[in-house]
């Protein structure tokens with residue numbers, strides 16, 4: 001059995017690892033135009049919290065995020081935590097609109113989640129110089145793609161997975177190359193590759209800063225909100241979420257918005273050193289697409305494509321949970337193929 005994974009972002013690489021671990025005898029190849037450190041995920045903070053996932057079914061969202069959280073927890077409890085880039089951090093998640101921060105479906109997944117009372121909100125409002133009407137505090141993980149992806153790539157190579165740097169322009173043609181199943185993890189690329197115009201770019205601009213005294217995450221859920229997320233060697237300041245914006249150049253106005261807003265949250269950032277300004281396009285979609293599709297090639301052959309894309313800003317958060325669902329679908333397909341030969 002020959003399987004191709006197309007896409008090498010967080011979704012593609014975690015899916016490839018999960019597939020190879022579940023089916024060691026499968027001949028697996030990963031195709032991608034870009035690999036770490038040139039993926040969208042490499043610019044992100046790797047912050048575990050579902051966001052920008054639109055109308056995705058909440059039960060599925062809970063399951064995927066739970067499985068991924070447990071996966072991160074396993075790394076954090078092991079000697080591999082620093083290699084993988086997993087840290088446990090406290091989080092404040094607040095909003096100026098009381099309706100924006102209801103108790104999330106995933107509240108039971110994180111550690112110590114509690115709703116902020118009015119006294120706590122008033123105190124934060126005074127400190128942060130913005131009026132907050134609702135909020136939560138909890139502990140969760142960051143899993144930094146700049147560390148996670150190289151770690152997983154090394155693992156794939158150790159399992160004899162073939163890595164091919166190329167741009168796939170037609171998934172159906174992989175059937176002619178001898179592949180039995182194709183797993184599509186191309187994110188924003190699925191807009192063209194699958195002619196899926198429901199996939200839209202959600203532009204995110206961030207700034208990385210050297211501020212080693214920062215240990216706390218703070219996110220404002222408002223449209224004009226900012227966030228500060230510490231990583232191991234830098235702090236990620238954000239951010240923007242501009243839908244249908246394909247611009248991947250750093251915008252000076254966005255940089256000013258980010259720096260001014262984050263320094264309002266934490267005045268000590270005035271003493272931080274800007275390391276990098278970065279822009280990436282999140283793969284927005286009305287719902288995450290995780291399903292098999294049978295397509296017919298130009299030569300009349302049939303090919304199974306398992307789609308796994310449209311994760312918005314939650315690629316890291318949902319990665320391993322979605323990868324496990326891909327494994328389940330693949331297992332069903334392999335079982336059906338065996339039965340057809342009886």
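Even glycines carry a Cβ here, placed using N, Cα and C.
Positions annotated as domain 'FAD dependent oxidoreductase' by TrEMBL: 2-328.
The FAD binding site feature in TrEMBL is assigned to 186, 312, 313, 314, 315, 316, 317. Taking the Cβ of residue 312 (FAD binding site) as centre and 10 Å as the limit, one finds 22 other Cβ atoms among all the protein chains shown. In the three-state DSSP scheme, residue 312 (FAD binding site) is classed as coil.
Feature annotation from TrEMBL assigns D-dopa binding site to 227, 282. Of all Cβ atoms in the shown protein chains, 26 besides its own fall within 10 Å of the Cβ of residue 282 (D-dopa binding site).
Look at TrEMBL and you will find 313 tagged as D-serine binding site.
In this structure, the CA atom of residue 186 (FAD binding site) is 11 Å away from the CA atom of residue 282 (D-dopa binding site).
Largest Cα to Cα distance within the recorded FAD binders 186, 312, 313, 314, 315, 316, 317: about 17 Å as a whole number. Counting Cβ atoms from all protein chains shown, residue 316 (FAD binding site) has 27 others lying within 10 Å of its own Cβ. Looking at residue 282 (D-dopa binding site) and residue 314 (FAD binding site), their Cα atoms lie 9 Å from each other. With the fewest other Cβ atoms inside 10 Å of its Cβ, the least crowded of the binding-site residues 186, 314 in this structure is 314.
DSSP assigns residue 282 (D-dopa binding site) to a strand segment in the three-state reduction. Around residue 227 (D-dopa binding site), a 10 Å sphere centred on its CB holds 24 further CB atoms from the protein chains shown.
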